[in-house]
């Protein structure tokens, strides 16, 4: 990039090498038509490295459940639940014109924020938030200063297996094999603990937007599996934690699913819940989840450490742990047909949104063997609580984690 200064501090962190761009919104509306703030489709143009980038975006459909709610607590411990209108939301998926394999996941809430990928390179874009200016920064992940250089990992263990490779899917088209898979959908609840609430300066609006950005990316990640991700609830433990969130990730993973079963599921139906915490788990672990437990009334859960300010990295971590719930093992570098994918035991320095052939086969096997009913929405009543896939409680070796 043309060097724009010594460094710049953005929401994503301190960036040393970036290019200032000025996205121009293209509005092909009929004369006299009123332009909405967040149209179903939007197009922007800007220049990167002297090349014109045409960003075509479509509003993310089905990002929120019809009964989407947000819950926080009063000083005396009462639950306060609201049902905000989310129809005119600001989250998009898209592509770069004239690049066949391009992808984009963008929030247009306050300027443009997100990432796009062209010719195998991932670029991030973020508003500079300058008064009377549409200036944005475009940069690569390698140019973001890392506060912690340790390798982040998943705490899950698994047994390596041999797989027959299948064609890697694109972001739009499913392979013939995947087209035979049933359309599935995961109703996801996110729970924010007190440490994460404090980390974001008790700004519930900021936390909510941050989590919605991440789920929007998750939605794109799982699309090639014919699996839809729908956000149903964000709950904030803004006054105090309702479990003891320990630095030992395995201990926290035992406590959170129990709370989900005894408290959460009695008032709000969901297929899966993830705890979001700023507690620094022991060692290199940044995520942990039970393996093959999607739809289990207790163990369909995972825990996520808020280890990065970059939405893509956090979305990949969340997708990784959800992948374990869906029966996916860690990728074996020597047996899986993917250089950089979602399910390695260690978080890649070059984040990927692609599942390997191993993960595809694991998911297919999970659907066939476990027959998880809760993610096949058309066959279930909307007011029923998900039932267990198996009558047996998961063993310790069915716990999988992520290290970064």
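Quick reminder: no glycine exception, Cβ is built from N, Cα and C everywhere.
Note that the structure is a prediction, hence the values are computed from the model and not measured.
Annotation comment: Swiss-Prot describes 1-6 as signal peptide, evidence class sequence analysis.
Here Swiss-Prot flags 184-379 as domain 'Peptidase M12B'.
Taken from Swiss-Prot, the feature disulfide bond covers 295-374 (among others), and the record attributes it to sequence analysis. Classification of residue 295 (disulfide bond) by DSSP places it in coil, neither helical nor stranded.
Among the features that Swiss-Prot reports, Zn(2+) binding site is placed at 320, 324, 330, with the record citing similarity to another entry. Under the DSSP three-state reduction, residue 320 (Zn(2+) binding site) is assigned to helix. Of all the Cβ atoms in the protein chains shown, 31 others lie within 10 Å of the Cβ of residue 320 (Zn(2+) binding site).
Taken from Swiss-Prot, the feature active site covers 321, and the record attributes it to sequence analysis.
The disulfide bond annotation in Swiss-Prot covers 336-358 (among others), and the record cites sequence analysis as its basis. Residue 358 (disulfide bond) has a Cβ environment of 26 other Cβ atoms inside 10 Å. In this structure, residue 358 (disulfide bond) is part of a helix by DSSP.
Per Swiss-Prot, disulfide bond is recorded for 338-341 (among others). Look at residue 341 (disulfide bond): DSSP puts it in coil. The Cβ of residue 341 (disulfide bond) has 21 neighbouring Cβ atoms from other residues within 10 Å, across all protein chains displayed.
The region 'Disordered' annotation in Swiss-Prot covers 385-404.
Among the features that Swiss-Prot reports, compositional bias 'Acidic residues' is placed at 394-404.
The distance from the Cα of residue 358 (disulfide bond) to the Cα of residue 320 (Zn(2+) binding site) comes to 13 Å. Summarising the environment of residue 336 (disulfide bond), the number of other Cβ atoms within 10 Å of its Cβ, over all protein chains shown, is 25. Between residue 321 (active site) and residue 330 (Zn(2+) binding site), the C-alpha separation comes to 10 Å.
Taking the C-alpha positions, the distance from residue 338 (disulfide bond) to residue 320 (Zn(2+) binding site) comes to 15 Å.
Here the candidates are the binding-site residues 320, 324, 330. The one whose C-alpha lies nearest to that of residue 374 (disulfide bond) is 324. Cβ neighbour count for residue 324 (Zn(2+) binding site): 29 (other Cβ atoms within 10 Å of its Cβ, all protein chains included).
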